[in-house]
Each structure stands twice: as C-alpha cells, then as structure tokens.
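Asker: Feature table excerpt (Swiss-Prot):
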{"type": "TRANSMEM", "residues": "5-25", "note": "transmembrane segment"}
{"type": "TRANSMEM", "residues": "51-71", "note": "transmembrane segment"}
{"type": "TRANSMEM", "residues": "78-98", "note": "transmembrane segment"}
{"type": "TRANSMEM", "residues": "114-134", "note": "transmembrane segment"}
{"type": "TRANSMEM", "residues": "153-173", "note": "transmembrane segment"}
Amino acid sequence: MEKYIILILSYVIGSIPFSLIIAKINGINLREVGSGNIGATNVARTGNKRLAVLALFLDSLKGFVAVYTAQQFCDNNDLYIYVSAILAVLGHMFPIWLRFNGGKGVATTLGVLIALNISIALAFVFVWLIVFFIFRYSSLASLAATAAAVIASFFFQKELFLILLTVAILIFLKHYKNIANLLQGRERKFL
C-alpha cells in the first residue's frame, strides 16, 4: 500500500508549479511572457537570472525528492522507483492544479537523473550546456540532452534505458512546436 502512496506522491510533488509560483510572487505571469511556458527557461526569459536559477533548482529538486523518497521505501531497481520517476515528470508536464497544462519536464528530469544515476545526470548537463552555448536554442539543448541521457544509460545503467526512453518521448512530444520551429528556422534563440 505504501508503494502506491509513493507513486501518488511522486505525481503530486511533480505537479507543484514552482516556476509559476516564484514568478507570480515576483509579479510575473509566465503564461503572458516569452513562450508562455511555466518552466525555468521561460523564467530566464523574463531577464531575472536569480529567479531563473531558483526555478531551475526547485523544478529539479522536485524530481529528485520524488525519486529519492521512492528509493527509501523500495529495493534497488524496484519498478516503483522508475515509475515514480516517470510520474514526477508527468506531474510537471500535466499538473492537476493547472488543468494538466504544465511545463516541458526538462528540469524535473534533471532532478530525476541526479537521484537515479549521477553519471547520466552529468552527461545530460554536459550535452545541454555544449549544445546551448553553440546554438543558443534552449529547446535544442533540452532535446539533445534528453537523447544523450537515453544513450548514456547504455553505458552507465542499462535498466534505466526504457524509463529514460519513455521520459524522452514525453519531452519530445512536449517540444513538438519547438521541433517544428527549429526545422522551419523560426525557433527563437536565447540571447
């Protein structure tokens, strides 16, 4: 029974819209700024770097907390840990509090990766930074980092492959407009 509670908790934790809350406290409506997304990247588009870093930290932290909590109650490699990881990301993407209209799940995925395998998390961050600084597209960096995490799972922890592939599919689906804009040369660079 407690494992089912952990799964529900993972979704609920993932559903906390920290970026939206932080922005609102500071008089910013993220739905009306930049891309309209409620994630940390859109907080960065407001020009407030301090808020952006805080949003990134808190959105990542909720992914970490959800998985870490599951790890405390489950055996290593227990399916419940992996399902809690997916549910935390789904919570961010489809939060119950916002009529299931949330962010894209990238920062929350980083937190999940830190809890599951730090080597994969580092590969994720490394690829994100490299792609971002070369191309200046947050969306492209996020997609590349997500793909890199799936590939890295082959080298560092094969049992994470299907979980990370599932998360990657979700992230790619949430980025479908960005992908179309990238292909058409209309995606906005992050300056």
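Glycine too: its Cβ is placed from the backbone N, Cα and C atoms.
Model, not experiment: these values are computed from the prediction.
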Asker: At an 8 Å Cβ cut-off, counting only pairs 6 or more apart in sequence, do the transmembrane segment (5-25) and the transmembrane segment (114-134) clear the bar of 3 or more pairs?
Answerer: no
Asker: Sort out the residues at least 6 away from either end of the transmembrane segment (78-98), same chain, that have Cβ-Cβ distances under 8 Å to it, and list them.
Answerer: 3, 6-7, 10-17, 20, 38, 59, 62-63, 66-67, 69-71, 104-105, 107-109, 111-112, 115-116, 160, 163, 166-167, 170-171, 174
